[in-house]
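K.L.:
Please read through the structure below; I'll follow up with questions.
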């Protein structure tokens, strides 16, 4: 009986761990989304393009497999690995 109980506990722990998914905030509404498998990094990128003085900066949030590259028109780039950390 103890063996059966121990087996059930181990199976439950393994299943709970396998079912974990990352959530990140996603533009345009900054609502949490479940990231696709393999995309375990949340990012927040703020960039300024040609019409930035008129329209303001472009904000992009989402999931990624790797941290996006910092480009010349980017003002800031945040990459993090905890749920909804890209705010």
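Each residue, glycine too, has its Cβ placed from N, Cα and C.
Swiss-Prot lists these features:
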- 1-21: signal peptide (SIGNAL)
- 24-42: disulfide bond (DISULFID)
- 35-63: disulfide bond (DISULFID)
- 48-52: disulfide bond (DISULFID)
- 67-79: disulfide bond (DISULFID)
- 80-85: disulfide bond (DISULFID)
K.L.:
Tell me the Cβ neighbour count for residue 48 (disulfide bond), meaning other Cβ atoms within 10 Å of its Cβ, over all protein chains shown.
P.N.:
14
K.L.:
If we count other C-beta atoms within 10 Å, could you say which of the disulfide-bonded residues 24, 52 has the fewest?
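P.N.:
Comparing Cβ neighbour counts within 10 Å for the disulfide-bonded residues 24, 52 gives 52.
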K.L.:
Check residue 24 (disulfide bond) against DSSP and tell me helix, strand or coil, would you?
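P.N.:
Its secondary structure by DSSP: strand.
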K.L.:
Taking every protein chain shown into account, which of the disulfide-bonded residues 35, 42, 63, 67, 79 has the largest tally of Cβ atoms within 10 Å of its Cβ?
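P.N.:
Within the set of disulfide-bonded residues, the most crowded position is 42.
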K.L.:
Which disulfide-bonded residues (24, 35, 48, 67) fall within 10 Å of residue 85 (disulfide bond) by Cα distance?
P.N.:
24
K.L.:
Is it possible to get the count of other C-beta atoms within 10 angstroms of the C-beta of residue 80 (disulfide bond)?
P.N.:
15
K.L.:
What's the CA to CA span in angstrom from residue 35 (disulfide bond) over to residue 24 (disulfide bond)?
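P.N.:
Distance (Cα to Cα, whole Å): 7 Å.
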K.L.:
Name the one residue among 48, 52, 80 whose Cα is closest in three-dimensional space to that of residue 24 (disulfide bond); these are the disulfide-bonded residues.
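P.N.:
Going through 48, 52, 80 one by one, the closest to residue 24 (disulfide bond) is 80.
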K.L.:
Measure the Cβ-based neighbour count of residue 85 (disulfide bond), defined as the other Cβ atoms within 10 Å of its Cβ.
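P.N.:
The Cβ of residue 85 (disulfide bond) has 17 Cβ neighbours within 10 Å.
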K.L.:
Considering only the disulfide-bonded residues 42, 48, 52, 63, which residue has the minimal Cα-Cα separation from residue 80 (disulfide bond)?
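P.N.:
Its closest listed neighbour, by Cα, is 42.
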K.L.:
Taking the Cα atoms as reference points, how far is residue 42 (disulfide bond) from residue 63 (disulfide bond) in Å?
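P.N.:
A Cα-Cα distance of 5 Å.
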K.L.:
Please report the Cα separation of residue 52 (disulfide bond) and residue 79 (disulfide bond) in Å, rounded to an integer.
P.N.:
23
